[in-house]
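Novice: These came from Swiss-Prot, pasted as-is:
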type     : residues                                                          : note
ACT_SITE : Cys48                                                             : active site, nucleophile
BINDING  : Thr47, Cys48, Gly49, Arg50, Ser98, Glu103, Thr104, Asp105, Gln109 : substrate binding site
BINDING  : Gly177, Ala178, Gly179, Ala180, Val181, Gly182                    : NADP(+) binding site
SITE     : His88                                                             : site 'Important for activity'
Amino acid sequence: MDFLAPLSAVVLTYREVGGDALGALAEEMRKCAEELAKATPMFVLHTCGRVEVYLYGASEEEVARVAARYRRFAEGVKVLRGAEAARHLFAVAAGLDSMLIGETDILGQLEEAYDRQVKAGYTRGLLKTVVERAVRVGKRVRTETGISRGPRGLGSLAVMYVSRMLDLREASVAVLGAGAVGAGLAMELAARGVKRLVVLNRTYEKAVEVANRVGGEARPLTEEEVEKCLAECDVVFSSVHTLQPVIKRVPPEARVKVIVDLGVPSSVVPNLPVAVVKIEDLRELAEEYNRERAGEVEKAWAIVDEEVARLPRLLARRYVEEATSAIMAQAMAAAEEEGKRAGCDTAVLAAKTTVKRTLLPLITKLKEMAENGKAEEAAKLIQLLQEALQS
């Protein structure tokens, strides 16, 4: 039994389409998840450089419908299946598919998306295992190679870019957004010794958490507070993902000299009367560091490929764990029911103990079979057990 075969991915990145289209597509995929994930496990990854949907157990028709929704926004959509889909996700987690090779922001964004979608019930079952493994692979690559030495991500590049325009040590700086990218920006700016640092976020508690970490001020992300920051700060970084711009105008006599827009779609209206740095402006700087990291890329890919090869057995074991857990729960419930018929707690305990002693050796053997490349045989035995319990 090939536990990777049911995995599918629909992928569109910064290479095929601009940021505004990616932002609109991300909103469409959010709606898609609300509709589809009730029946089919799903994981959506949206960053400034990509919108990717991973499905487990989806039919060909379901995958085709998701891809068709992508094509409303752009061509160049890739549909990946099985090991190819897993390899792509692992490479993304490792930073191998990013504009800045080895960047670490993507790993934080992946974890945030995973946590959010597990809580929502979208990412579950064996797809949950695939995404968990991707996070581990990303961490392993960064531990065992030097692919992330230097700038951590686009936020780091943006700080470097702005530092060539003015002295950040004498600057008041605001960061809009306290997610993975915003928090990374705040840490980078604090390390550079900015004069004053303000962190804004829609969830105020998150702004407080990040601000406390870097010795900055926290504010809620409202239109009024954004305008105050533009009036008071020399530089404003925006890492907010929103369909509507959060910076709509520059107030008269505002202090702001530079706005950095890392939002997808753009979080800044066009034609503002100050310098606006966009993601595209960072490409040349990214390529400079990519050349320095080129020697680590082969090592990183070797880890990715090793982990992809291990994944089927991990999924097989997880499948057996989930299935046998359900069988044990069903058998224990039946034992409890029979024990209650005897009319005493001792009978209930005895029935449960007997069931556990009987099933545990079998469950252990099934797990060993799955780990040793006999997942298909283990699955057939599990199906027989399930049928027996239902009869």
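The backbone N, Cα and C atoms fix where each Cβ goes, and this holds for glycine too.
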Novice: Do you know offhand how many angstrom separate Ser98 (substrate binding site) and Ala180 (NADP(+) binding site) by C-alpha?
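Specialist: Counting only the Cα atoms, the answer is 15 Å.
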Novice: Cβ distance under 8 Å to Gly182 (NADP(+) binding site), same chain, sequence separation 6 or more: which residues?
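Specialist: In sequence order, the residues whose Cβ lies under 8 Å from that of Gly182 (NADP(+) binding site) (at least 6 apart) are Gly155, Val175, Leu176, Val199, Asn201, Val210, Phe237, Ser239, Val240.
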Novice: If you measure from the C-alpha of Gln109 (substrate binding site), which of the recorded positions His88, Gly177, Ala178, Gly179 fall inside 10 Å?
Specialist: Gly179
Novice: Hey, which of the binding-site residues Gly49, Gly177, Gly179 is the loneliest by Cβ count within 10 Å?
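Specialist: Counting other Cβ atoms within 10 Å of each of the binding-site residues Gly49, Gly177, Gly179, the minimum falls on Gly179.
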Novice: According to DSSP, does Val181 (NADP(+) binding site) fall in a helix, a strand, or coil?
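Specialist: Looking at the DSSP assignment, Val181 (NADP(+) binding site) belongs to a helix.
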Novice: Per the record, substrate is bound by Thr47, Cys48, Gly49, Arg50, Ser98, Glu103, Thr104, Asp105, Gln109: how many Å separate the farthest pair of Cα atoms?
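Specialist: Among the residues the record ties to substrate, max Cα distance equals 15 Å.
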Novice: Tell me the coarse DSSP state (helix, strand, coil) of Gly49 (substrate binding site).
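Specialist: Reduced to three states, the DSSP call for Gly49 (substrate binding site) is coil.
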Novice: Give me the Cα-Cα distance between Gly49 (substrate binding site) and Gly177 (NADP(+) binding site), rounded to a whole Å.
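Specialist: Answer for this pair: 17 Å between alpha carbons.
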Novice: Which has the fewest other CB atoms in a 10 Å radius around its CB: Thr47, Thr104, the listed binding-site residues?
Specialist: Thr104
Novice: So, three-state DSSP: helix, strand or coil for Gln109 (substrate binding site)?
Specialist: helix
